[in-house]
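For reference, the structure discussed in these notes is given below.
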């Protein structure tokens, strides 16, 4: 096993799925969002664990992500959250992915190819109630309804929206979005259209706004052990990812000796500097340079000097027991202390999503049951 590895705790993930599932009514299903390689955790293993723990749906962003799940034997419904591309419709039909329709043009394209194949396809309609990213704007819904009779190979299984500010303390925008979504649903009902699934809740809305649960919820971050807003919920979500490496070199530097490119750190005392075989090519944010910390023997050691492509340095002067080969924790617990992904994200000016997704493919994932 290489010295730098991301350990994925499948037991913790399963417990998080159970914790989320416990907040839902018996009639509300759980769609585990496993896009972007399950937020960097590994889509295949996490998708399988989510389904075993009670999820009934999976969600991905791109067609190839869904195809990979199918090729690994996953048979559960998979919602394709991203846009429908003409060149990928044949693939999504072949691999039984459920497309999200965000425009009349997309509906027509899917209808055309489904009709050519003699295949009916379940679709979910995305309504842009305020995210401004994808989806039909509410005033375009009547035009879609007018055309539904000609879209004979589409099964209008669901209607969804995405809430832009569910994790924000000011609820006004969320309430506006939710009310707008409810108006669209009423318009559908008035025209005799009653989709099986109405869904809007991401991780934050799932906890803070139960009225948005509908028939299915779409948690992402919460499943990976991160509370989606600052005030902790009653659930104790367990961190799933632990990122660690090992000390590759130890050297004592004299006062005045610089470290790394540009000598942004210069030793002010005799300093014991450790080199770690992990850098920004592995996903370690350069903004942690001279700011962030790691754990060595359960004690905090600061990054010193600029983080480089493949390596970085830490100051272990105050950890005299540190030796070459010792475990160093970048994210996760060691002893009685923990480096949280939230703390790393704060240092980097990022969100936990970005930190997780940045951990590159050259960092092996090791799954722990």
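Please read every residue number as a count from 1 along the shown chain.
Heads up, the Cβ atoms here are built off N, Cα and C, so glycines get one too.
As annotated by TrEMBL, active site, proton acceptor applies to 35, 261. Residues or ranges marked as substrate binding site by TrEMBL: 133, 309. Marked as domain 'Alanine racemase C-terminal' by TrEMBL: 240-368. The N6-(pyridoxal phosphate)lysine annotation in TrEMBL covers 35.
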List of residues, in chain order, with Cβ under 8 A from that of residue 133 (substrate binding site) and at least 6 apart = 162
Count the Cβ atoms, other than its own, that fall within 10 Å of the Cβ of residue 309 (substrate binding site), considering every protein chain shown.
-> 11
Cα distance (Å, whole number) from residue 35 (active site, proton acceptor) to residue 309 (substrate binding site) = 26
Helix, strand or coil at residue 35 (active site, proton acceptor) [DSSP, three-state] = helix
Sequence gap of 6 or more, C-beta under 8 Å: which same-chain residues meet both conditions with respect to residue 35 (active site, proton acceptor)?
-> 59, 60, 61, 62, 65, 81, 220
Intrachain C-beta neighbours of residue 261 (active site, proton acceptor), sequence separation six or more, cut-off 8 angstroms = 305, 306, 308
For the domain 'Alanine racemase C-terminal' (240-368), give the DSSP counts of helix residues, strand residues and coil residues.
-> 24 helix, 50 strand, 55 coil
What does DSSP assign residue 133 (substrate binding site), in three states?
-> coil
What is the average pLDDT across the domain 'Alanine racemase C-terminal' (240-368)?
-> 98
